[in-house]
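Remarks on the structure that follows.
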Amino acid sequence: MKTAKPAATADQATSAHAAHAAHAHEPAQADSQEAALTLAEEYCRERGEKLTPIRRKVLELLLNSGRATKAYSLLDEMRQIHPGSAPPTVYRALDFLLSAGLVHRIESINAFTVCHDLTQCQHGILVVCQQCGSVTELHQPKLRQALVAQIQDAGYRLASDEIELKGLCAACQAAEAVAGTGAATPVAAAK
Ligand SMILES: [Zn+2]
Ligand SMILES: [Zn+2]
């Protein structure tokens, strides 16, 4: 399970979302990231598709971020690595990752996040912090099936694979509580 947790430092210095990153991931996760990328590569190969270097890089940036990230932030990061990166290149890579089911589009904050399950056995239910964009994908197949069944009974079908709940993460709740006490702690006006 991927749960963004608060950490003291952000090692990505410049991108917009890193400016208020309270959940930067530790280097210890480098191994699991590499494993995730290898898994994604194998998954694409089995489907007769290719995780090209640019697609892989975009996926890696999302894994690094550990939270929902906006397309323009990904483009910014891409340009730090490959200065000539054009928006369509990054957007096409995102489209591929979406259609392959490797990433989710988070409608409520117009951002993207890596699927918790890169083997695509089962999508979960996404809980999205509306403040900082951290995302937890609840792996509750029965709950999801029951929900989908109810939706179908009501005569609807879901418009996408994503089932998204709006939330406020523990770190943001804590920040809000501190702000509420009147303590002089600036709360990042997350956008
Ligand atoms: Zn998923
Ligand atoms: Zn949050």
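A Cβ is built for glycine as well, from the same backbone N, Cα and C atoms used for every other residue.
In the three-state DSSP reading, HIS123 (Fe cation binding site) counts as coil. The Cβ neighbour count for HIS123 (Fe cation binding site), using a 10 Å radius and every protein chain shown, is 18. According to TrEMBL, the Fe cation binding site annotation covers HIS123.
In the three-state DSSP classification, CYS132 (Zn(2+) binding site) falls within coil. Of all Cβ atoms in the protein chains displayed, 24 besides its own lie within 10 Å of the Cβ of CYS132 (Zn(2+) binding site). TrEMBL lists CYS129, CYS132, CYS169, CYS172 with the feature Zn(2+) binding site.
Look at TrEMBL and you will find 1-22 tagged as compositional bias 'Low complexity'.
The region 'Disordered' annotation in TrEMBL covers 1-32.
HIS123 (Fe cation binding site) is 18 Å away from CYS129 (Zn(2+) binding site) when you measure Cα to Cα. Compared over the binding-site residues CYS169, CYS172, the count of CB atoms lying within 10 A of a residue's CB peaks at CYS169. Taking a Cβ distance under 6 Å to any atom of ligand 1 as the criterion, the binding-site residues HIS123, CYS132, CYS172 reduce to HIS123.
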